[in-house]
Amino acid sequence: MVHVSEQCLNVTSLLCLKCTFCSLLSGVYEESNGTSRTAGMNGNGPSRLVDPLEDPLPGVGTYEDFNTIDWVREKSKDRDRHREITNKSRQSTVALLHSISDAFSGWLLMLLVGLMSGALAGGIDISAHWMTDVKGGLCLRGFWFNHEHCCWLSNETTFQERDRCPQWQSWAELITGKSEGPFAYIMNYLMYIFWALMFSFLAVILVRAFAPYACGSGIPEIKTILSGFIIRGYLGKWTLIIKTITLVLAVSSGLSLGKEGPLVHVACCCANILCHLFTKYRKNEAKRREVLSAAAAVGVSVAFGAPIGGVLFSLEEVSYYFPLKTLWRSFFAALVAAFTLRSINPFGNSRLVLFYVEFHTPWHLVELAPFILLGIFGGLWGALFIKANIAWCRLRKTTCLGHYPVIEVLVVAALTALLAYPNSYTRMSGSELISELFNDCSLLDSSQLCGYKQVSVDNSLADRPAGPGLYTALWQLALALVFKMMITVITFGMKVPSGLFIPSMAVGAIAGRLLGVGMEQLAYYNHDSVIFKGWCSQGADCITPGLYAMVGAAACLGGVTRMTVSLVVIMFELTGGLEYIVPLMAATMTSKWVADAFGREGIYEAHIRLNGYPFLEPKEEFEHSSLAVDVMRPRRMDPALAVLTQEGMTVGEVESLVESTHFSGFPVVVSSESQRLVGFVLRRDLLISIDNARKRQDGIVSASQVVFTEHTPLLPPDAPPPLRLRCIMDLSPFTVTDHTPMDITVDIFRKLGLRQCLVTHNGRLLGIITKKDILKHMAQMANRDPDSILFN
Amino acid sequence: MKWVFFLEALLLACFVLLSQVTAKNSEDIRCKCICPPYREVEGQIYKQNVSLKDCNCLHVVDPMPVDGKDVEAYCLRCECKYEERSSGTIKETSNPTVIVSYFQFTIIMYLSILGLLLLYMVYLTLLEPMLKRRLFGHSQLIQSDDDVGDQQPFANAHNVLSRSHSRSNVLNKVEHAQQRWRRQVQEQRKSVFDRHVVLS
């Protein structure tokens, strides 16, 4: 396999072997007549000589932690690999089977991701449901039964108290033997607080001890990872285990958080772990991000039982590049996950989500006014929540509040439990609250929210005035609204897994239901007024408060996250009511417009900016008229650009240049006088290659020449052998001229996923623009602190 | 390539297991009828284990609280729902038959994983320094140049412990992997909890 190249014809056979070190590095076979075309690392033309299926030096082509990947390089690596497999497949049957299984591997991976995520989500749902009930009491038949299952077979349930049965005992009954009276109430209260504290304490110490990356929602970091950033360990197996376990604990402890955001993180962890089974995805960061986009869709699909909504969520909110191929694969994965969850059936009755409603009552055009009002409320709430939450998180980052995460979680859990227990609407979990608010009252409901007065003879449901039960429920709901609005601000972002879909929807549902009941009573007492005369006559069932709750929930969630289409699709997949698309759309659009008037960013983008991740927002436009020369480095007062020449530098000089600067890449020029560009080489690859050459290759010393050209120059016979590094150089770096407007440059960065771009002037290399420079420039233009961009 | 076939075999096994699990026990289905108050009759809930086609007021409400001519009016108000409890049973074929519910399995597995993690955490924070101190005393404590985090002595303890006994290569690799994992967790903890760089 060792071919003799032309340079080696004049030297001894020992040195000959070393000359071909670099060719072994990338598997290039040089022909002995010297008409070879050495390949750079960015793919090759038709006369391809490199075998991309072989491994280059381990470490070359990988990225450091907290760095951005090079999308162009990854994509061309994959194209070459695919081309090679296709070419080889014509040679033998084994190779043909290999190419078929390579094509299939994407679909198999999606199937596995869907199965694993669906199974985990089912497990999380079952455990969370059980643990939430543990705060209230225990089942005597077996401690693993939750309340509903404990009372499944009992015959002692009555109409008024259909939740009670003798097998399920509250803590007061278990400890003191009494179930009524002030002492029992206090006992229950204390046990509730005890369990809430215990669960949240366990959650935060597990996160702290095993996987600190498992806290928070996960969606801002996944957005950044999908745009090309690398956070090692964020999607690893320990993070997966800890996130699953502590999510159940956090949700059961009564804290005002949901599990949708963390489920997206869990699904992406599953996808990342399963990617290691397939070479195609393990080695290529760009392909892996395609799978992660699909996994984000799977996460929302299992959280809401909404596969299509999940795919649209991934497209709209989470993904950076979303080719059409990913659309179909995400849909497949989301469907598999929904099917798995359905067969596990955690909620019985083949429902996927706890608050599945099925009403189909029509709505009238006049009701668009209160729906738009709900949209305005949702937008205002969204803007206010984002500002308050970011201020609180900034406090946590900068002041001493952040030094006591465990105590913070305990205090917030204690406060939540203390204030939530007395009000029955805050005592129940978020999903149960939403489920109760979405559901319309039927004759069979004995809850307070359906406490209407029966005025008509035939016990009809429509058009009834409020009874005392309903009034109690209304002021309790108003208190619950204020409480939830305030407590969610300090809960989101704590060091336990926390999502915010359910709390936002709960706030919106409460507001919507209040408005709906208000409208209903208004209609009852004013049948003859102009507004209601045409469509809401006496005895007609015209207003459904449950629908108002639904619209309110959508408006508030839209105001916080600024989702539009995906939110509408999720809501009507949740309810099955296609006739409610227009109210949902009206409310969502209104809330987005109102919220955008106060600030353009949704909660996830705001958190990205708070953490200083290098995320180039794909939806923003660059409005200023600066040129590339204004943003590039070096600036006028700075020292000149650190470049490498294609020959003439020694290993010692290169090492000292690399070590004296902290740049992550260096352009290679023809010579320091001409400054004509040859290529670009990354710091990491350079250091690994030099290190490896010093260890493995004989004769490489600090005085050896580093050569980036195809043919080594003739050296005096006593000179040490040269180190050939053309193979790690990128031969096609992207360049712009110094007069290119910045909006085109930013567009190039966004569309191609570049990490750096070289600036030339009249054909000569002038400077370099990196993604971090662009982000800093944009921050400066928006009068923000440019030093808040932390990573490159 | 071998991976693909192995995976497919595993998937097939999973499907077979899943189909066993979804076999319904008679305890898991029921028809539940909720009837609101009607004239003098109070509201009542009736439950019976009947199949889907028999899930209506006439089959489930037993005994019927009203007389013949009022039955229709009464039944019109009642709402009957067919409910399945998704426990699923895995019956073992050996005697005595052990019925383990799917739900029970999930919850018991969850609690055992939680318990194991807590035990491991207690071991890492409390038992290891005691073990290390008892075996070697303070003199062999090697401070690493990196930082003075509270976990750092434990990373070295493994090194010292492993050198004293002549263990096989596999165990050494496990020690190495565990140490590396410990360092990673410490790095993560520094960036998340101390410097607040990631995940504010």
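Each residue, glycine too, has its Cβ placed from N, Cα and C.
Residues annotated as domain 'CBS' in TrEMBL: A:637-696 (among others).
Annotation comment: TrEMBL describes A:729-786 (among others) as domain 'CBS'.
What TrEMBL records for A:106-124 (among others) is transmembrane segment. Long-range contacts of the transmembrane segment (A:106-124) within the same chain, counting only residues at least 6 positions beyond its ends with a Cβ under 8 Å from a Cβ of the stretch, are 244, 247-248, 259, 263, 266-267, 270-271, 274-275, 277-278, 280-281, 291, 294-295, 298-299, 302-303, 329, 332-341, 344-346.
Packing against the transmembrane segment (A:189-214) from elsewhere in the chain are residues 131, 134-136, 171-172, 175, 231, 233-234, 236, 238-239, 241-243, 245-246, 249-250, 252-255, 265, 405-406, 409-410, 412-414, 416-418, 421, 427, 495-497: each is 6 or more residues past its ends and has a CB under 8 Å from a CB in it. Taken from TrEMBL, the feature transmembrane segment covers A:189-214 (among others).
Summarising the annotation, TrEMBL assigns transmembrane segment to A:235-257 (among others).
Within the chain, the transmembrane segment (A:263-279) has long-range Cβ neighbours (under 8 A, six or more residues past its boundaries) at 105, 108-109, 112-113, 116-117, 120-121, 124, 214, 217-219, 222, 225, 235-237, 239-240, 243-244, 247, 288, 291-292, 294-296, 298-300, 302-303, 318, 337, 497, 499. Marked as transmembrane segment by TrEMBL: A:263-279 (among others).
What TrEMBL records for A:291-315 (among others) is transmembrane segment. Long-range neighbours of the transmembrane segment (A:291-315) within the same chain, counting only residues 6 or more positions beyond its ends whose Cβ lies under 8 Å from a Cβ of the stretch, are 106, 109-110, 113-114, 117-118, 121, 222, 225-226, 235, 259-260, 263-268, 270-272, 275, 281, 321-322, 326-327, 329-331, 333-335, 337-338, 341, 351-353, 356, 501, 563, 565-567, 569-570, 573-574.
Remote same-chain residues near the transmembrane segment (A:365-386) are listed as 485, 488-489, 504, 507-508, 511-512, 515-516, 519, 531-532, 535, 543, 548, 551-552, 554-562, 582-583, 586-599, 601-603, 606 (criterion: CB distance under 8 Å, separation of at least six residues from the stretch ends). What TrEMBL records for A:365-386 (among others) is transmembrane segment.
The transmembrane segment feature in TrEMBL is assigned to A:401-421 (among others).
When Cβ-Cβ distances below 8 Å are used as the criterion, the transmembrane segment (A:473-494) is approached by residues 215-217, 255-257, 381, 385, 388-389, 392-393, 396, 405, 408-409, 412, 415-416, 419-420, 423-426, 433, 447-449, 451, 466, 500, 503-504, 506-507, 510-511, 513-514, 517, 607 of the same chain, each at least six residues removed from its ends. Annotation comment: TrEMBL describes A:473-494 (among others) as transmembrane segment.
The transmembrane segment annotation in TrEMBL covers A:500-519 (among others). Same-chain neighbours of the transmembrane segment (A:500-519): 217, 256-261, 303, 367, 370, 373-374, 377-378, 381-382, 385, 425, 430-431, 433-434, 437-438, 449, 466, 470, 474, 477-478, 480-481, 484-485, 488, 491-492, 543-557, 559-561, 603, counting only residues six or more beyond its ends whose CB sits under 8 Å from a CB of the stretch.
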* **Taken over the domain 'CBS' (A:637-696), the model's mean pLDDT** => 88
* To do: May I ask for the residues of the chain that lie six or more residues beyond the transmembrane segment (A:235-257) and have a Cβ under 8 Å from a Cβ within it?
  => 120, 123-124, 127-128, 131-132, 134-135, 192, 195-200, 202-204, 206-207, 210-211, 213-214, 218, 225, 263, 265-266, 268-273, 292, 412-413, 416-417, 420, 427, 429-430, 484, 487-488, 491-492, 494, 496-500, 502-503
* Using DSSP, how many residues in the domain 'CBS' (A:637-696) fall into helix, strand and coil? -> 24 helix, 15 strand, 21 coil
* Where DSSP helix means H, G or I and strand means E or B, what are the helix, strand and coil counts for the domain 'CBS' (A:729-786)? -> 23 helix, 18 strand, 17 coil
